[in-house]
Amino acid sequence: MTAGPAGPACTAPSGDEIRRALLDRRLVRPILWLTILTSCFVTFEPSPYEFLFLLLLWAVLVRGLAFPRFIAPLILFLPVLFTIGGMLSVVQVVYDFDSVRYVAITMYLTVTTVVFASLVAENPVSRLDTIRSAYIIAAVIAALAGIAGYFHLFPGADTFTLYNRARGTFKDPNVYGPYLVFPALLLIQSMLSLHGRKLLFTALPLGIIVIGLLLSFSRAAWGNFLLATILMVAMMFLASPGPLFRLRMLIGAALGALLCAGLVIGILTIPGVGEVFEQRADLTQSYDVGEQGRFGNQRRAIPELLERPFGYGPLYFAKRFHQDPHNVYVNAFAAYGWLGGFSYTTFVVLTWLVGFRNVFERVPWQHYQMAALATFVAVSLQGFVVDTDHWRHFFMIAGVVWGMAAASEAVRRTARTAAMTSMPTYLRATI
């Protein structure tokens, strides 16, 4: 695994290294780009993303893929213990095909996290540049579809809406909205560091994505975007190289906030938009409150789940309470049992820890780490009000966070080894 800038070459690359580099450039990289691009097309299942990921998995196996030791906890708590919990839970309802399929999808998604983590760890900047390019284009496509659907810009465009809310190329506005957050953060980063004509080219896709996100009328997506943006900008400010850059950041952030506010006000003046916005902006909807509301169901479920080591079984929370749990952590215990619930929660906490431990490392991919970590933190908090356990982009971003952390750890290990090598022999013997 290569995790940092290579030193001067002492020997010519071997035939195997040349073969791997060629396969990476001609096979892995374009398939990775297409996989991320198709992540926005999820109006039906299996989606194109599923097929492209399988092709990506084949490509990396042909080329060869090493799993860094650093991601061992990720592998333990996500693809191993979490999915074992699901398999133990599904035994209760093994006759239900939908429940079995649900656990199978979970197993597949956890594998995507490990593969993305390993790919990013071996070549962070190149991999992340590829992901960034494809993800921004995918987000613009999804947002344009959502905008076209909401404003009925062509016959049949209402396919991209649901209950008078933009959903783009997704089934659900509550998944479509959060999907747009990570590429929006990447573009905000660019806006805070660019100027002139380049700034305009960045502002255009960002504006499209923000409008698309707004028209999802997803309160959780709005909160996700706001929290992730504040967190990322705060990390950028703390990690900035000097006072001049910090001042520029503050000015850029202030101008960006004013532009976003103007954009929101302009959108709200369009007939029909303001009314839906006012309705959705209410923090408590009718289906949230009451004994039969989402929060009431969660309160009733928790004491029962404490007595059920294997939970209710996948998808059986909804059958018991006539409503989805709308809380990924409650759902983890309900659908995957105690083992799955504790494993999933541990995975989220560990991802926070490895992310924050490495986010201030001075490495070439630091800005990507900030955007990915801010997105993951926001989505994991959003999980308290939304079921996020089958969101493809959530597992991809988790893999990106772990991959960058593994690469940063490799850089530190290389630096320690170099420092030890440069020491006199008698000093090394005393350490």
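Cβ coordinates come from backbone N, Cα and C, glycine included.
Pulled from TrEMBL:
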| type | residues | note |
| --- | --- | --- |
| DOMAIN | 207-344 | domain 'O-antigen ligase-related' |
| TRANSMEM | 27-44 | transmembrane segment |
| TRANSMEM | 50-67 | transmembrane segment |
| TRANSMEM | 74-95 | transmembrane segment |
| TRANSMEM | 101-121 | transmembrane segment |
| TRANSMEM | 133-155 | transmembrane segment |
| TRANSMEM | 175-192 | transmembrane segment |
| TRANSMEM | 199-215 | transmembrane segment |
| TRANSMEM | 221-238 | transmembrane segment |
| TRANSMEM | 250-270 | transmembrane segment |
| TRANSMEM | 335-356 | transmembrane segment |
| TRANSMEM | 368-385 | transmembrane segment |
| TRANSMEM | 391-411 | transmembrane segment |
Q.
Do any residues, 6 or more residues outside the transmembrane segment (133-155), come within under 8 Å Cβ-to-Cβ of it, and if so which ones?
A. 32-40, 161, 164-170, 176, 179-180, 182-184, 186-187, 205, 208-209, 211-213, 215-216
Q: Could you give the residue numbers and ranges of same-chain residues that sit at least 6 residues beyond the transmembrane segment (175-192) on either side and whose C-beta is under 8 angstroms from one of its C-beta atoms?
A: 39-40, 42, 132, 135-136, 138-139, 142-143, 146, 166-169, 198-199, 202-203, 205-206, 209-210, 212-213, 216, 218, 220-222, 224-225, 228-229, 232-233, 236, 248-249, 252-253, 256, 367-368, 370-372, 374-375, 378-379, 382, 388, 391, 393, 397
Q. Can you give the mean pLDDT for the domain 'O-antigen ligase-related' (207-344), rounded to a whole number?
A. 86
Q: With a Cβ cut-off under 8 Å, give me the same-chain residues at least six positions beyond the ends of the transmembrane segment (74-95) that come close to it.
A: 67, 102-103, 106-107, 110-111, 113-114, 117, 310-316, 332, 335-341, 343-344, 346-347, 350-351, 398, 402
